[in-house]
Amino acid sequence: MTSGFPNDYAIAIAATKGESDTSKILYVQVPSALRSQWGLASNPDLVGQQVDVTGALESYFSHPGMTGTSAIALADGSTPEEPEEPGEPGEPTDPGSYYDGTAGLTGSALKSKLHDIISNNTALSYDQVWDGIKDVDEDPQNTANVVLLYQGTSSPKSNNGGDVDNWNREHVWAKSHGDFGTSNGPGTDLHHLRPTDVTVNSDRGNLDFDNGGSENDEAPGNYTDSDSWEPRDEVKGDVARMIFYMAVRYEAGDRVDLEVNDQVNNGSNPYMGRLSVLKQWSQQDPPDAFEQRRNERIFDNWQGNRNPFIDHPEWVESIW
């Protein structure tokens, strides 16, 4: 592609200008702090320029690539203009105009406006979700690991898979609730996909969320009974905000229309509960640095959309 760039999220570099062989092209992730200077949608005149790029060589969208890009400069050492200073780790980037048009809205009007805003996103494949989780759920204390949602423990990124004691991809909004499976979109949305121990994932199954039950042997602090799952206190709010995100992102006209209700035992219906409990959890466990960093990375590196209830927790009460 040499014109009509859809966004500023990535650039492609090669040894020769005009290279079309994808095996000889390196795909480079462009973080939000550098997009205004280096994104090709905003700066199409940069096509063909020689650049020096600093980052980590690893697969990016199933191609040879570079992620964690920390610097880009023209070959002569110059930049189009000074980039903005990035925030501290875990510090949310000011969404700026992202939520334009929401001021003064409540109820269904706010829900509808947020749906319009966050629906402008990139849908990943289920294979891409592995790499996405390894990025957005990375352990801040050990970058070779991810933090498991329900246990809160750190596990090697390389330990993903389907065997006992591996970690896999937990659909926090159970994929059978609406029967969307692992289809691109609701089945691959990083805003509700988290790393969990295979056994714990199986124990949670497709249960709705509620208080009470017996403590899970593999994940102390989590409780379960015949019709519900209660996560540990440290992620109760995280779980609630992921459910609220899904109920706003996927509406009538999308592949599935998801809604939150005040019930459990929702089965294959496109509902998740229990609403009253999820609202309590969101209040008692506000967004922390890890959750905010995760939101930023999904926005910057993968999908280009945000979870509004991490940026504005008060909107939970405004809508529900």
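In case you wondered, yes, glycine gets a Cβ from its N, Cα and C as well.
All annotation found in TrEMBL is predicted automatically rather than curated by experts.
Per TrEMBL, the features are as follows:
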type     : residues : note
DOMAIN   : 4-73     : domain 'Endonuclease YhcR N-terminal'
REGION   : 68-104   : region 'Disordered'
COMPBIAS : 79-88    : compositional bias 'Acidic residues'
REGION   : 184-232  : region 'Disordered'
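Helix first, then strand, then coil: DSSP counts for the region 'Disordered' (184-232) stand at 7 helix, 14 strand, 28 coil. The helix, strand and coil residue counts that DSSP assigns across the domain 'Endonuclease YhcR N-terminal' (4-73) are 13 helix, 26 strand, 31 coil.
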